[in-house]
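Look at TrEMBL and you will find 13-251 tagged as domain 'IspG TIM-barrel'. Annotated domain 'IspG C-terminal' per TrEMBL: 266-354, in sequence order. Per TrEMBL, [4Fe-4S] cluster binding site is recorded for CYS270, CYS273, CYS305, GLU312.
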Amino acid sequence: MFAESPIKRRKSTRIYVGNVAIGDGAPIAVQSMTNTSTTDVAATVAQIKRIQAVGGELVRVSIPTMDAAEAFKLIKQQVDIPLIADIHFDYRIALKVAEYGVDCLRINPGNIGSMDRVKSVVDCARDKGIPIRIGVNGGSLEKDLQEKYGEPTPMALVESAMRHVDILDKLNFTQFKVSVKASDVFLAVGAYRELAKRIDQPLHLGITEAGGLRAGAVKSSVGLGMLLAEGIGDTIRISLAADPVEEIKVGFDILKSLRIRSRGINFIACPSCSRQEFDVITTVNALEQRLEDLLTPMDVSIIGCVVNGPGEAEVSDIGLTGARNMSGYYVDGKRQKERLSNDDLVDQLEKRIRAKAAQLEQKNQIKVKQVS
Ligand code: SF4
């Protein structure tokens, strides 16, 4: 029962990272980055697969050395999700991973060195259809910009990004996206707002080094939420000092909150109080864990009593309203004759939610068939 998001997306050009469309109205892609040693091929492949299993659509891999580039070749052969190579300074690494099938190069043209080297990377990217991501970071601003602005400011970040953009413009290369990340929410938001006015290319959003799981998720939600609500942003990464899998989950939760993308269950649950007729918190936590694998978008409301239960259930795909011993059960907003015993709510709800998800999936397939 998802309502349309009222957000009007910023118009941008379109690029493709592998088979993932970015910009020009394409769904906002959720990405993460591996934190294994890239030369440990088995560990990196396993982590990429875990990221993909929870819905990750793009994965960035750090390539600091030629050994890592050789490992990248093996990694690329074992995964089927677009990979972005993170490269600093060494243009030869960029050429090497391009040869090995990289889907996007995260490299700043202004940091490559001589124009000949820049041109060799850009020509190679053009020939192979590989887009570039320019990535400016508040923590590594050029010295002269730090002196000019006194400290990292939104304008300093934008000026840095525009230097790289200008190089690509001169080489007539348009297939790029840009990020201007900072660990400070206002700094990042200010920079993205300004950059959005200056270029037409897609923007990759992130609040960099946001922190651990809870604080980082909150900081990212605030920063990215402000930008996404204004229609700014085409891909996102939640930068957490945590398992990359969590970055994907938080990313989708942010998009879900803004009704930009719906993926998996949107739980509506009350915080519970002494009126609750069953243990709301335990029930919701258990269901969240058990149903992590479900990708079908649906609203499920789990409310402890009749104060708010019926109202929420009436706008949910599945709803539960706490009542003594046997709770009220709703499907498609309609109250069912059947009531669910409070003794084994988790088992009963899991079964019913899975059945409903299968039904919704089938409906979607029929719709797709009719359209095609
Ligand atoms: S819906 Fe009922 S149980 Fe839940 S917080 Fe409100 S009053 Fe308490």
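Cβ from N, Cα, C; glycine included.
Comparing the binding-site residues CYS270, CYS273, CYS305 on other C-beta atoms within 10 angstroms of each C-beta gives the minimum for CYS273. In this structure, the binding-site residues that sit close to ligand 1, with a C-beta under 6 angstroms from any of its atoms, are CYS273, CYS305, chosen from CYS273, CYS305, GLU312. In sequence order, PRO271, SER272, ARG275, GLN276, VAL280, ILE303, GLY304, VAL307, ASN308, GLY309, GLY322 are the same-chain residues whose CB sits within 8 A of the CB centroid of CYS270, CYS273, CYS305, GLU312, the residues recorded for [4Fe-4S] cluster being left out. Classification of GLU312 ([4Fe-4S] cluster binding site) by DSSP places it within a helix.
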